[in-house]
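Engineer: So TrEMBL says this about it:
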- 40-401: domain 'Amino acid transporter transmembrane' (DOMAIN)
- 44-69: transmembrane segment (TRANSMEM)
- 90-110: transmembrane segment (TRANSMEM)
- 130-151: transmembrane segment (TRANSMEM)
- 158-178: transmembrane segment (TRANSMEM)
- 198-217: transmembrane segment (TRANSMEM)
- 237-258: transmembrane segment (TRANSMEM)
- 278-303: transmembrane segment (TRANSMEM)
- 324-344: transmembrane segment (TRANSMEM)
- 350-371: transmembrane segment (TRANSMEM)
- 383-407: transmembrane segment (TRANSMEM)
Amino acid sequence: MDVEGRATNNKSSTLIFEQNQQKGAQSDHVDLPSAHTIDHGWKWGIMCLIIVGLYTAYVNWLLAAFHVIGDQRFIRYRDLMGFAYGKNMYRITWTLQFLTLLLGNMGFILMGGKALKEINSEFHDTPLRLQYYIVITGAVYFLFSFSIPTISAMRNWLGASALLTISYIIMVLIVLVKDGKSNLNKDFDISGSQVSKVFNAFGAISAVIVSNTSGLLPEIQSTLCKPPVKNMRKALYSQYTLGLLFYYGVTIMGYWAYGSMVSAYLPENLSGPRWINVLINAVVFLQSVTSQHMFVAPIHEALDTKFLDINKGMHSGENLKRLFLLRAVFFSGNTLVTAAFPFMGDFVNLLGSFSLVPLTFMFPSMVFIKVKGKTARLEKKAWHWFTIIFSSLLTIATTISAFRLIVDNIKKYHIFADA
């Protein structure tokens, strides 16, 4: 859910592109020519959402087919890439996944801290600094990950997580409709040069990609019942139809309600009443606990495999001590970094650009070329080579855009700022 607010904010920078001066843009009070055309902005923004969504659905559908190759099953993305291209690609894939998940976890910590601060601000005019809430969030994440150490142990929590997501969507949409109708002075214009708008557009594409995929499909697929390919594709159909409808609905409604000034954390804009603001932020915080645990599970699995005694049970005395230390060190480090950098979301977008674009778009086509290239038709091979080249160029463009945004924010904020 955090990405919904972030995607809304970044996307707002792409929805309006500079157009030739034209007539017809009028307010209720004055008749002035406008250098911006709102209708075209909406069209291009929504087209971007749809194209990225469809493309992401396709490449995940393709990747799901390679969960089993011959008699071998691949439960980790890095294992699949290592099988296809050797040890170096295994290491590259794991590094990209590790960085994405690590920075993603920091993004969740920041979002949880913001949710707690928003709750407190509903009752106090001067809430505590954001860093206090970030520390509380990190502590809760630590306790949850220690109590529920594996992804399979989360089975009983998934129903509650789904209920929280549905509750969030309903409540937010109700407030957005109310605010959108009452807000008569919405500004869809954005400032900046044409160059900055182009960079912002690539940044928004990166944010949409982060919101649509995780780079963990083989790991998620490994938890499904047989047949894994068929069941994974059923899940993808559900995610990229019904799920995307609600996610995009919140995104578009947020932009419609508040215009280009919408916050990176959408609940900050909600007008209330107080009880629903508190409830929405509480749901955001609780949902973030389960969501972050799902995304960071591969890192926990790698650390547990390396440092725990696999010949003993997970809950043996010695393993519990090691597990406690591993989780404490991990979340202490992540919480410290998150508290130091109040614009951690920019780093999440950076890793989304640098790592998620290759993981999502490039690598599945690379596997296809390696596994089926000799028997595939020419047009199929051409399509996958095009995907590889295009995603490489997209990686470069979105990464430059993300770096540019980080540099700009470094000029605005200081370490441990109360953002």
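Glycine residues also receive a Cβ, built from the backbone N, Cα and C atoms like all the rest.
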Engineer: Check for me, if you would, whether the transmembrane segment (130-151) reaches the transmembrane segment (158-178) - at least 3 Cβ pairs under 8 Å, residues 6 or more apart in sequence.
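Structural biologist: Output no: the transmembrane segment (130-151) is apart from the transmembrane segment (158-178).
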Engineer: So what's near the transmembrane segment (90-110) in sequence-distant terms, Cβ-Cβ under 8 Å and 6+ beyond its ends?
Structural biologist: 2, 6, 77-79, 81-82, 134, 137-138, 141, 214-216, 288, 291-292, 295-296, 298-299, 302, 334-335, 337-338, 342, 344-345, 347-348, 350-352, 354-356, 358-359, 363
Engineer: Please work out which recorded stretch in 44-69, 198-217, 237-258, 278-303, 324-344 has the most C-beta pairs separated by under 8 angstroms from the transmembrane segment (383-407)?
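Structural biologist: Per the Cβ under 8 Å count, 198-217.
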Engineer: Need a quick answer: max count of Cβ pairs under 8 Å to the transmembrane segment (198-217), which of 44-69, 278-303, 324-344 is it?
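Structural biologist: Ranked by Cβ pairs under 8 Å, first place goes to 44-69.
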Engineer: How about the transmembrane segment (350-371) and the transmembrane segment (44-69): at least 3 CB pairs under 8 Å, pairs 6 or more apart in sequence, or not?
Structural biologist: yes
Engineer: Which residues, given as numbers and ranges, are at least 6 beyond the ends of the transmembrane segment (278-303) yet have a Cβ under 8 Å from it?
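Structural biologist: Residues packing against the transmembrane segment (278-303) from afar: 1-2, 76, 94, 97-98, 101-102, 104-105, 108-109, 111-112, 115-116, 118-119, 122, 137, 140-141, 144-145, 148-151, 154, 157-158, 160-161, 164-165, 167-168, 171-172, 175, 214, 216, 219, 267, 270, 326-327, 330.
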Engineer: What same-chain residues lie close to the transmembrane segment (324-344): Cβ under 8 Å, and 6 or more beyond its ends?
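Structural biologist: Contacts with the transmembrane segment (324-344): 102-103, 105-107, 109-110, 113, 130-131, 134-135, 137-139, 141-142, 145-146, 299-300, 303-304, 307, 406, 409, 413, 415-419.
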